[in-house]
């Protein structure tokens, strides 16, 4: 197969290049013209779990809520159904399960309802309902006219959660409630108000922008000034005195917004609601806290007179204006545009990737001295990305492209450069030592030699990325698919474009090549001489330092690896994420500072997190009637599929009624249940229904209720249950909102108006939800949430085992999405790491057929991964989505250098002793691997200036992994090979070596065994390569191929001005025993 491919490359290089370029260019044009280019407008998507037990329940619950909101598939508010469709008598109900009959005499024949028809049948709301509705509107709409009548003259309205806001902090660590700090805040505020972008979006009153709500403006208001510039030190002292005397009223919940009654509270405490608003909105929680006298103000919030939203230009204007003073600065901002800004910054910082690519191409140019090879490497990166995106989008039909996929570009740059370095070096070695060989022979040997190393490293990198495909987090799965595909495509393009270009540049096609003259000859030779000297010294030093101190390196790096394992698994350990806020920028970014630091430092934000707030309690929800199945596309976060109904669900069966009532009673006895006051009409609707059915059939307040009364005993017959549950829910949902607020609990009915298959046009109970409040407060602690989930899930599973068949498929759900994400990150990261290591072990063993080489290589890879992750742990990284991806990248990148050294060593072991094989492998791979580490690390270094967190973190990660990988591979792995590696007498290819060993005469065997004692022996030229390749420049003609294929001195014609830089270490053993003598380096 490879011979056929070599002949194709040699005989038709132009056709191969044209075919590759044409096909790859097509994959660039098709997405562009079709309009399916990547977009990152919703970067928070893709970081939820799919396919897990909790993830399936989460998706099913979301689908259930969406179905109820839409109202076509399922409803809970039965008042949305026209009254004349509901059964008027229980005899209209059939006894069969889920089969309800109705008398159609009162039903119009053309009852194909529209939204207009439904409105006619909806019951009219009472005046009390209208009043409550208007009250709610008044509290939520900022520009409500009724509220504006009561506004203060100084402010246009009151601050709300929807207003944009900024946080002031002291620059010098002092507190803000000083005269100079107040004046500086006033100055910053005035400068902000003078921005043109600010004036374009601010709320306007009397043709001027409304003043912002801030500490300085409240001081101005309380002291009856016109502007904050009039504030004096006396005003600040007076305001502090008012706060000291009034804050205890706020903490005792005696102060309210817009309070006017001051019969029991001093007038100055309620004037302009200044004390309440300052404490609630503008002063941090550490300022005069309850039961303390601290009056140090470390942060103050200012609400701006415009809403959060599409105000990116305001933020850009603020950033350009540099709104800060030596004492005060704006440290945090909440404009509600973090996702929008991330989308812009992600694209804007692409220039950093271009800079890193340009730098790496310069490295390739100076390494190979070939413009053509450099261009081919660049095209390789571009085409790999375009083909991968085409396959990802059009072949695999994956619609979701997370921003994490962009990070594959940075990894691919280093991989492409590394492949070019290796293939060019192998080409030079083969060309030097096979002068008489044909072009087909040279290309064949080059591919056979380089493909083994490149293909093996690419395969293991592919496996490392692909191992994350099974992740339950769809963002990680998508990254796995795209990055693995990019690495694989990169291999295919490398072995097609690069050899074809080399063939095209060969002497066979010399007359057809347009040459590029690389500068003056003298300058070129001078640079070559300098690089040759550096390379000679580096190779000599590296070989001596690795071999002579091999036991030192083994012990040192082994201890480092064990310490790394301890850091990861024992102390301090890889911590899980502690914030539900998804971080998109560096922690120092003002948007992240607000979410991570200051969001809970003010009372209006923290009030949502107090223990008595039901919103912070983890609910107990139990669902029957729908299976917890995720039928959507797990690779598309917006595709949640549809509900899957339980065909065995039967709530009307008498046994089901009794069991559900007992279920609620047992639930109330559990330690995780929390009793709350107030009406609970639908929390466990069976309890409410039984109480309602226990009333007398006839009383003085209403008509005859029969049969929905105490004339029937519980459990009720099926038809009575169906008839009366609808009447009961109709009454419940007609209850004024001041008494009953609808929740997710209760029976859920199918909407008969939108289901043609329901011939009876009657609502059918399709699902049931029981919901109570737990005594567990939501936390981001994995251990606490795990304890809660296992406790409730264990009790719930045992109860479901005792349920009748109609209710046996119920399941528990709560606010467990973040806990499930944490658990999935742990399980998937460990699983993908072990899968990748196992595949690397398997591949290495089948290639080398040597247990010792395989174990040594995999041990090195394992220590590289552990040391890298340990450094990230010490830097404070948590195991989040990006860190999980970084682990996969670490596995993929850590195998390259180790595999290159091992493959070169095992090839040398076929006809050389261990010491000589070490010398050959180190001489051949040290410099290409070093250049690969430099280029990949440099691509990461160029990402460091970015504020986008994934860019910055990946940049740090690439620098660390390249540094650790090269040192571990060069010093630890090579040292292990020099001690425990296979020898040529029993090499890694026994089935290949046996025949060769039998043909070796005893003299040659004895000679080789003598050389076995030291690596500083003559190394055959066929296994050596220059670390820094330079060009042979001829006065008569310049040819790019000869930039790559330099000749040893003994092969160079005397009339040619050429200098070889193909260096290898030729150190005599006799020199080693001489004191104070250095190794003789022969070129």
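Positions of Cβ are set from backbone N, Cα and C atoms, glycine also.
Bear in mind that TrEMBL entries carry predicted annotations, made automatically and left uncurated.
Over in TrEMBL, the protein carries these features:
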DOMAIN    373-504  domain 'SSD'
TRANSMEM  16-34  transmembrane segment
TRANSMEM  350-383  transmembrane segment
TRANSMEM  451-473  transmembrane segment
TRANSMEM  479-505  transmembrane segment
TRANSMEM  551-571  transmembrane segment
TRANSMEM  830-848  transmembrane segment
TRANSMEM  855-879  transmembrane segment
TRANSMEM  885-903  transmembrane segment
TRANSMEM  924-944  transmembrane segment
TRANSMEM  956-980  transmembrane segment
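Sequence-distant contacts of the transmembrane segment (479-505) (same chain, six or more residues past either end, CB-CB distance under 8 Å): 9-10, 13-14, 16-17, 20, 24, 370, 372-373, 376-377, 379-381, 383-385, 387-389, 391-392, 396, 398, 401-402, 404-405, 407-408, 411-412, 415-416, 419-420, 423, 427, 439, 443, 446-447, 451, 454-455, 458, 461-462, 465-469, 471, 513, 635, 885, 888-889, 892, 1039-1041, 1044. Most Cβ pairs under 8 Å with the transmembrane segment (830-848) belong to 885-903, among the candidate stretches 16-34, 551-571, 885-903. By the count of Cβ pairs under 8 Å, the stretch nearest in packing to the transmembrane segment (551-571) among 16-34, 350-383, 451-473, 855-879, 956-980 is 855-879. In the predicted model, the domain 'SSD' (373-504) has a mean pLDDT of 85. DSSP states for the domain 'SSD' (373-504), grouped as helix (H, G, I), strand (E, B) and coil, give 117 helix, 1 strand, 14 coil.
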